[in-house]
Ligand SMILES: CC(=O)SCCNC(=O)CCNC(=O)[C@H](O)C(C)(C)COP(=O)(O)OP(=O)(O)OC[C@H]1O[C@@H](n2cnc3c(N)ncnc32)[C@H](O)[C@@H]1OP(=O)(O)O
Ligand SMILES: CC(=O)C(=O)O
Ligand SMILES: [Mg+2]
């Protein structure tokens, strides 16, 4: 572990200073595209401004024969596309043990490093993986003359990564966030699922029998396969001041279950999710933007709490310092989203007769 005194020192001569805080930019949807797929690549200009993050994916879901085309395609897209102020450009590079990752990082940082906000690293096993990427990025940033550090995002998709999640989250000031990788994680854990994220009808609890009648009808309740993993990831991220995300939901047609999965993650503390198909973008936007009702309620609690201490009754419920803090989380998010989005600003605007914001 580096000394606390050295933690914010650049890891290569000439590399930019590390950031002290993750930039507060919306990242409700990290929209994946394959830069080697001409149809998807052609849609990138239209996606600018409609998604918070555009991610050029180089890893899984890109055919082995297309790895170099994807890397080159991303360089070309980044050079000609103005992503504007409200959309970030990220990439997911290949795994650290793959034959492609060294060229991915070298090419992307030296050719388009000034346009890349975040590098997502798959299959992170422990802090040593982040340390490796951290130093390499610093060397490449120095070579490219970059003035702003590229941040790092880890995917939690191995049992060892899961066991080390707190150390991964705190491994470098470059750490921007962590996403759940439910498909690889399920395989690595030897779970008996065959899906990309979401629940499973077999993972359930059953109502007790009535009068000992084990053959009689009994209700079943499907349980959330990902609760422990997401909750632990959220705690690790909150502890280190970085951002947690749900990952992919592979059943593109099941927009209802997709929305449920996204909302579970939002309620547990995630700030965003991946979108794999255009149909998932609006779902992510809806779920990861607080509702007008919650914003209005949060504002009423803030108003009722005055100086923020003590306890008050509002609509028959006790509110105090701790419920106020939750409301402030909602209001801060609403403010940040409103700054970029006039529609949300109008939705969240206090109604006539409401107290001050
Ligand atoms: C476990 C993991 O690692 S998850 C992360 C890796 N996986 C990915 O990144 C997957 C990204 N998404 C995809 O590859 C595709 O969306 C698929 C394969 C799931 C579905 O693709 P398709 O069968 O082409 O879907 P569909 O026919 O509904 O697409 C409609 C249009 O949207 C386009 N489109 C589909 N996905 C995307 C996308 N992610 N971004 C932009 N455009 C897209 C299609 O090219 C198609 O364009 P067209 O109208 O010009 O023909
Ligand atoms: C997100 C991802 O890569 C996975 O689920 O495996
Ligand atoms: Mg994976």
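Glycine is no exception: its Cβ is also placed from the backbone N, Cα and C atoms.
Lifted from TrEMBL, the feature list:
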- 92, 157: substrate binding site (BINDING)
- 157, 184: Mg(2+) binding site (BINDING)
- 29-195: domain 'HpcH/HpaI aldolase/citrate lyase' (DOMAIN)
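Proximity of the binding-site residues 92, 157, 184 to ligand 2, judged by a Cβ distance under 6 angstroms to any of its atoms, singles out 157, 184 in sequence order. Proximity of residue 157 (substrate binding site) to non-local residues of its own chain (separation of 6 or more, Cβ distance below 8 Å) is seen for 122, 123, 124, 180, 181, 182, 183, 184, 185, 188, given in sequence order.
For residue 92 (substrate binding site), the same-chain residues that are 6 or more apart in sequence and have a Cβ closer than 8 Å to its Cβ are 32, 55, 56, 57, 58, 59, 119, 120, 121, 122, 155. In the three-state DSSP assignment, the secondary structure recorded for residue 157 (substrate binding site) is coil.
Only 157, 184, in sequence order, out of the binding-site residues 92, 157, 184 have a CB under 6 Å from ligand 3.
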